[in-house]
Amino acid sequence: MLRLDTLVITQDDFRLTADFSVAAGARVAVIGPSGAGKSTLLSVIAGFYPAASGRVLWNGADITRQPPARRPLSILFQDQNLFPHLTVAENVGLGLRPDLRLSPAERAAVTRALERTGLAGLEARRPARLSGGQQSRVALARALLRARPLMLLDEPFAALGPALKAEMLDLVAEIAAETGATVLMVSHDPDDARRFAPETIVVAGGIAHPPRPTAALLDSPPPALAAYLGK
Amino acid sequence: MADRAQPLSRGLGAGAGIAATLILALTLGTLGAVIHRAGGFGSLGPADWAALRFTVTQAALSAALSLLLAIPVARALARRRFPGRGVLITLLGAPFILPVIVAVMGILAIFGRAGLLNDALAALGAERVSIYGLSGVVLAHVFLNLPLAVRLLLQGWRGIPAERFRLAAALGFSSTDISRHLERPMLRALGPGIFVTIFLICLTSFAVALTLGGGPKATTVELAIYQAFRFDFDLGRAAQLASLQLALCAAATLAAARLTLPAGFGAGLDRALARPDAATLPLKLQDAAAISVASLFLLAPLAAVILAGLPRLATLPAPVWEAALRSLLVALASTLLALLLALPLALAIARTKGRLLETIGMLPLATSALVIGTGLFLLLRGLASPAALALPVTAAVNAVMALPFCLRALIPAARDLETDYGRLAESLGLSGAARLRHLTLPRLRQPLGFAAGLTAALSMGDLGVIALFADAERATLPLQLYRLMGAYRMADAAGAAVLLLALSLALFWILDRGGRADAQA
């Protein structure tokens, strides 16, 4: 279970508070107007930006001060999820060992993760020679291989077309189901939230609200969300 | 998000700390050693003040002339397209890595007492003119810096959005209108920065003053330091002159830091705009004249050296080849040391917010190479004889002097690396040697190759500290060349100049290529 305990995030004159829990294995959308602090919230959970006060807990353990790589999570950024000078297999292998000294068993695991994400045979390619959808799959293969209990998606599929994005979200859902991971997904698109996430966190007016059932929330949105959705 | 939550890793912090300490020791520490050895400052005589005045005068004249002459050339290159334009622009980058002593030889071959120009004047029955003194120093500095000014201005022209020129064409602007509304504001913004940059380069110029200046009327501060060391062994006066020079350069550097310079060294200079306003015959003639006169001015001296030296290459005496080998080794050692200092420093600068590290890295721009060298000798003299120290000290000094240029190439790339891949690397726990091997080195390969090429070429062509301390058995190629010129063995000197030129350019080309080869994505 992820718990944000009286978390306060400040950045110049920006301020965001969060105080809630997300159940283990939940799939949660994070929506709200741009500039409200959705990405910043994920940055704090992932350890890239320090909270002004409060704690981030995973299954009761305080991870607030841990460096990003030690936290029990994988994060997919909006872009730059792959190193362009490394091959597909190397990019995925980094998820197992950052020094890339992989044992035969680990190599086999990389191959399996690539097969699972529909990238069999592309091991030696570099990202520039992949399509946008394939690049997303490489990042997902790495997340699958790392098998961390929490996945943070900071709009990694924003540049993909609607059909491809839906395909990726289905793949994320499958992977999360296989590894039992909890997923937090930032999105601009209410349809993504409906399709993928039973629960939704609304970030607006300086507050990250506790997760609520997505369908009910979108059908009768609170004022701040209604303004954003244009309802 | 610009804010970095992660502090420097222990390895990087230590590396940058060691590099910064070494640079401080080599710049300010060596100056301190000289002052200490001298027992305080000596007294400055009228000759020293004359040197200061001459230094500022020649630097100001050189910078002003380089900038003014560069304007018509850059404008012509910006609005014309012709075969060989790309090659010409590439060649304009060469004088930066051209050994100064070779440039001096070229200038003497054209403008010297027995040069082509004077031969022509004599044939017409006119007086031969001498370029030794202020005119020669300024001429050489313009030769070396005009191309830099042209390239920087060309970037300024490139920085004017193409849409503005399109709009100007749509509104039927004449060239005068374009000049007034588009070009002059750009020149006003960039001119001062370019002036100060060249002024700074000319302030600490040594080899040009040594060969074309000299005498009470044409001595620069750096040359006065050389004379104080070599002829009087007056360390106090040398230390005081060095402090004076440091203050002068620091003032100019501070001024430069406040002025705008176009970013980058010359990527994508090869764009020419459609300029219907410039399609008139007088303007075409004007541009053709600017480009051909500038090309002739820059290429004729080099062509003269190459033509004179090429036939002698095969019969060069053995000491020249030995000196060439020594110079190569010094250049490679300098390059290695410069990269070892520059890389951790650039990475640390990219990850921290303060300006302290960057200021330390730029410090060599304001220091005297001769003082660094002498300070090192004083500090190390218990360990070995001056002659035995000559080459290692030269390598160290050259590395330090090249550092600011290495940093200028590396810092922007290191910043991009941090912005683009810093968070991904942290989220995957990529750190230490693995990060260096799988992320930093592959991504920084190109600027590293460029920095290595630059350092190697600058070191190869350097005539500075080595002139103070080397004996006949330990001369580098530029020093050997200088001695051949001093002995009026001009044919051998020309041969050595061709060898030096070829080695410098080859070092730059090979190392810079090494950074580009097989570049991925």
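Think of each number as a place in line: the chain as shown, counted from 1.
Including glycine, each Cβ sits where the backbone N, Cα and C put it.
As given in TrEMBL:
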- B:52-256: domain 'ABC transmembrane type-1' (DOMAIN)
- B:324-511: domain 'ABC transmembrane type-1' (DOMAIN)
- B:12-35: transmembrane segment (TRANSMEM)
- B:55-74: transmembrane segment (TRANSMEM)
- B:86-111: transmembrane segment (TRANSMEM)
- B:131-154: transmembrane segment (TRANSMEM)
- B:189-212: transmembrane segment (TRANSMEM)
- B:244-267: transmembrane segment (TRANSMEM)
- B:288-308: transmembrane segment (TRANSMEM)
- B:328-350: transmembrane segment (TRANSMEM)
- B:362-383: transmembrane segment (TRANSMEM)
- B:389-411: transmembrane segment (TRANSMEM)
- B:448-470: transmembrane segment (TRANSMEM)
- B:490-511: transmembrane segment (TRANSMEM)
When counting Cβ pairs under 8 Å to the transmembrane segment (B:490-511), the leader among B:189-212, B:328-350, B:362-383: B:328-350
Result, the transmembrane segment (B:389-411) in contact with the transmembrane segment (B:86-111) (3+ CB pairs under 8 Å): no
For the transmembrane segment (B:328-350), distant same-chain residues with Cβ under 8 A (at least six beyond the ends): 8, 12-13, 15-16, 18-20, 22-23, 357-358, 360-361, 391-392, 394-396, 398-400, 402-403, 406-407, 410-411, 413-415, 417-418, 440, 444, 448, 451-452, 455-457, 459-460, 476, 503, 507, 511
Candidate ranges B:55-74, B:189-212, B:448-470 - greatest C-beta contact count to the transmembrane segment (B:288-308) (under 8 angstroms): B:55-74
Non-local residues, at least 6 beyond the ends, that sit with Cβ under 8 Å of the transmembrane segment (B:12-35): 41, 235-236, 238-239, 242-243, 246, 340-345, 347-349, 351, 357, 360-361, 363-364, 367, 371-376, 378-379, 396-397, 400, 403
Two-stretch contact, the transmembrane segment (B:362-383) and the transmembrane segment (B:448-470), at least three Cβ pairs under 8 Å: yes
